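The following features are taken from TrEMBL:
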DOMAIN    19-46  domain 'C2H2-type'
DOMAIN    49-76  domain 'C2H2-type'
DOMAIN    77-104  domain 'C2H2-type'
DOMAIN    107-134  domain 'C2H2-type'
DOMAIN    135-162  domain 'C2H2-type'
DOMAIN    165-192  domain 'C2H2-type'
DOMAIN    193-220  domain 'C2H2-type'
DOMAIN    221-248  domain 'C2H2-type'
Amino acid sequence: ATEPEDSKQLENHISDKCYPCSICGKVFDRPSKLERHKPVHTRKPKTLHQCKHCDKSFTQQEKLIRHQNCHNRTNKHPCPDCGKVFNRPSKLERHKRTHSKKPKVPHQCSYCMKTFSKLNKLVRHKRMHTGERPFTCSVCGKGFSESGHCKAHEKTHEEQPEKPHCCPDCGMRFFKASELRRHFRSHTGEKPFRCTLCESCFSRSEGLKRHMRSHTGERPYKCIICGKGFYSRQDLNIHGLTHSGEKPHLCPVCGKDH
């Protein structure tokens with residue numbers, strides 16, 4: 001291309017962008033683009049309204065006023081029941097409902113003062129102290145403190161499959177391997193349950209549990225007649241004979257009751 005031709009192309013290129021902004025000098029290739037640009041110079045900047053009590057700022061005056069009210073409020077609504085003070089009547093009314101709600105009254109055991117959320121749980125617990133066994137086996141008459149235990153016992157009278165676990169020492173058979181292991185300790189003398197406070201050991205966890213009460217002083221089995229407490233139900237039952245006058249033990253030598 002010749003020099004005059006190059007000069008003409010440059011002029012055409014420059015003439016493509018011939019709409020400059022009169023304020024900032026920015027050039028646009030179309031009048032519509034320039035018109036869209038112009039309002040950026042006439043738009044008012046956002047004014048931030050600063051709270052005089054804290055660092056918060058707001059774009060609208062109304063929001064600032066609403067916010068500042070939280071600084072102007074005074075705590076002047078005390079609760080008549082507990083004295084707690086609130087800055088709004090609505091908050092006080094909401095709080096007052098906490099006093100009107102009826103608290104859950106726990107059911108307390110008169111023997112050991114233990115509490116229960118439900119009455120039926122307390123009734124079941126009390127049988128531990130009284131020794132009451134209202135559920136009796138329909139086959140043999142054995143008594144139980146809970147119906148579930150009674151039903152489980154009654155099934156033992158039904159025709160049972162052969163007990164698969166046999167003791168190699170005495171031939172006694174058991175349904176569960178755990179029952180056999182527990183029984184086998186009577187032959188081996190093993191006592192895996194050790195007291196953490198003394199050197200006493202026991203073959204069963206129940207024995208350790210009873211023993212621990214001698215350290216803690218807990219006597220959960222109480223006589224309903226005199227209130228005396230005992231470590232185990234067996235001790236309570238023996239004590240109960242002193243009130244009934246019953247003498248179930250017969251001397252094989254002299255025949256005297258004890």
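One is the number of the first residue shown, and numbering goes on along the chain from there.
Cβ coordinates are placed from backbone N, Cα and C, and glycine is handled just like the others.
Under DSSP, residues within the domain 'C2H2-type' (165-192) fall into helix, strand and coil as 12 helix, 4 strand, 12 coil. Here the domain 'C2H2-type' (135-162) has a mean pLDDT of 83 out of 100.
Helix, strand and coil counts under DSSP for the domain 'C2H2-type' (77-104) come to 12 helix, 4 strand, 12 coil.
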